[in-house]
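Heads up, the thing below is written out as structure tokens.
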């Protein structure tokens with residue numbers, strides 16, 4: 001977000017950039033959606049031509065549209081994915097795949113199911129940031145195994161209407177700890193119902209991706 005604002009400023013465009021989904025430090029985005037205001041003399045094609053080189057190589061501008069919409073408030077759903085492997089064979093993938101232990105898929109999915117539905121996620125967020133309504137809806141949450149560049153990984157997929165700060169990482173941490181039999185399902189349920197917080201530290205950030213935003 002800061003990088004894009006700086007690039008726009010370099011083109012003489014002074015605008016706040018609004019992101020559709022949260023990407024805290026170390027978190028990635030495959031399909032982030034942003035909105036900002038630009039003077040009328042900048043059409044989409046012209047702005048794409050000048051802006052894309054300023055963002056490369058770490059940010060790839062896929063498409064630019066002249067739309068009167070708000071990237072965050074007009075979004076209906078956000079999909080996050082988290083990549084976790086037990087044994088990372090190369091340091092070059094360390095920024096993109098989290099490395100740590102986890103238990104069976106059955107236990108991971110049992111824990112993930114507890115989060116589906118509408119809940120008050122006050123105990124599944126990090127302190128700080130703007131005060132906002134803690135009630136969120138999780139439409140789907142599941143875990144499955146796949147191979148990524150020779151690494152067996154568990155992929156967590158969580159789709160919700162919106163998420164609080166570090167909420168996805170706290171949810172995944174709870175599920176991983178349950179799969180390792182370090183916490184109980186009852187403890188997860190108590191945290192969901194804001195009775196007692198057992199999981200306070202989010203899982204590492206590098207495995208998390210904002211995968212898709214639905215409008």
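Residue numbers in this text run from 1 along the chain shown.
The backbone N, Cα and C atoms fix where each Cβ goes, and this holds for glycine too.
Features of the protein shown, as given by TrEMBL:
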ACT_SITE  24  active site, nucleophile
BINDING   80  substrate binding site
DOMAIN    111-215  domain 'Pseudouridine synthase I TruA alpha/beta'
Rounded inter-Cα distance in Å - residue 80 (substrate binding site), the residue listed as 'active site, nucleophile': 13
Count of other CB atoms lying within 10 Å of the CB belonging to residue 80 (substrate binding site): 26
Composition by DSSP (helix, strand, coil) of residues within the domain 'Pseudouridine synthase I TruA alpha/beta' (111-215): 27 helix, 35 strand, 43 coil
Neighbour tally for the residue listed as 'active site, nucleophile', based on other Cβ positions within 10 Å of its Cβ: 14
PLDDT averaged over the residues of the domain 'Pseudouridine synthase I TruA alpha/beta' (111-215): 96
